[in-house]
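What follows is a set of notes on a single structure, which appears directly below.
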Amino acid sequence: MATLFIADLHLQTEEPAIVAGFLRFLAVEARQADALYILGDLFEAWIGDDDPNPLHREMAVAIKSLVDSGVPCFFIHGNRDFLIGKRFARESGMILLPQEKVLDLYGRNVLIMHGDTLCTDDAGYQAFRAKVHNPWVQRLFLTLPLFIRRRIAARMRAGSKAANSSKSLDIMDVNAQTVVAEMEKHRVQWLIHGHTHRPAVHELSANDQPAFRVVLGAWHHEGSMVKVTPDNVELIAFPL
């Protein structure tokens, strides 16, 4: 019995080794799981479910194969793929979750999320996030021709990269008070998230009790997953 969590794969055709590693993960490790949760940024970018990118179709087929084998797959949107919609969910068999979800995992209440909402010290990013998560803005963007959406997405990624290069690492990490506030709001002692690309297990205090924040790593030179069993919560790095 095990439930698996991954995040921040940033899949793109320019990184075939990561794509191949994910396909192997779906075919091997994930097949033995009770469920798979993908906590955002599965893709490097997502400009709409109507994008004919062959990689998207390939990943939908692979995830659907996992689901059809009896392993449910759940997805929380990240900051790169927040426009993944019902069409891709239907094609892949994934179940879309809200940005915060509490799970009962073998007797543990665990809060899961992508993690970008915890980075409240980065006021510039939070303002940008509020704009692009506006439903009206999203509907307008999705009405644009694909070639225009691609240009806008490329410009936004370039702008984000430039902005991040001038920010301190502390600003781009989670805010400790926000973490505690979220855990106390949901009355949990466990939090699993991604986004920051800083894999670690942090011990803290919430609800006047010991608590734990487990951060998934990004898939670059190796894969990263959290494996939750009735007896343990493990952060695991593995070769791609």
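All residue numbers here begin at 1 and follow the chain in the order shown.
Glycine residues also receive a Cβ, built from the backbone N, Cα and C atoms like all the rest.
From the candidate list ASP41, ASP49, ASP50, ASP231, the residue Swiss-Prot records in the Mn(2+) 1 site shared with ASP8, HIS10, HIS197 is ASP41. Per Swiss-Prot, the candidate among HIS133, HIS186, HIS195, HIS202 that belongs to the Mn(2+) 2 site alongside ASP41, ASN79, HIS114 is HIS195. Restricting the binding-site residues ARG80, ASP122, SER160, ASN164 to those with a CA within 10 Å of the CA of HIS10 (Mn(2+) 1 binding site) leaves ARG80, listed by sequence position.
Most Cβ neighbours within 10 Å among the binding-site residues ASN79, SER160, ASN164: this distinction goes to ASN79. Among the binding-site residues ASP8, ASP41, ASP122, SER160, ASN164, the ones whose Cα sits within 10 Å of the Cα of HIS114 (Mn(2+) 2 binding site) are ASP8, ASP41. Surrounding the centroid of the Cβ atoms of ASP8, HIS10, ASP41, HIS197, where the record places Mn(2+) 1, the chain contributes additional residues within 8 Å, namely ALA7, LEU9, GLY40, GLY78, ARG80, GLY194, HIS195, ALA218, TRP219.
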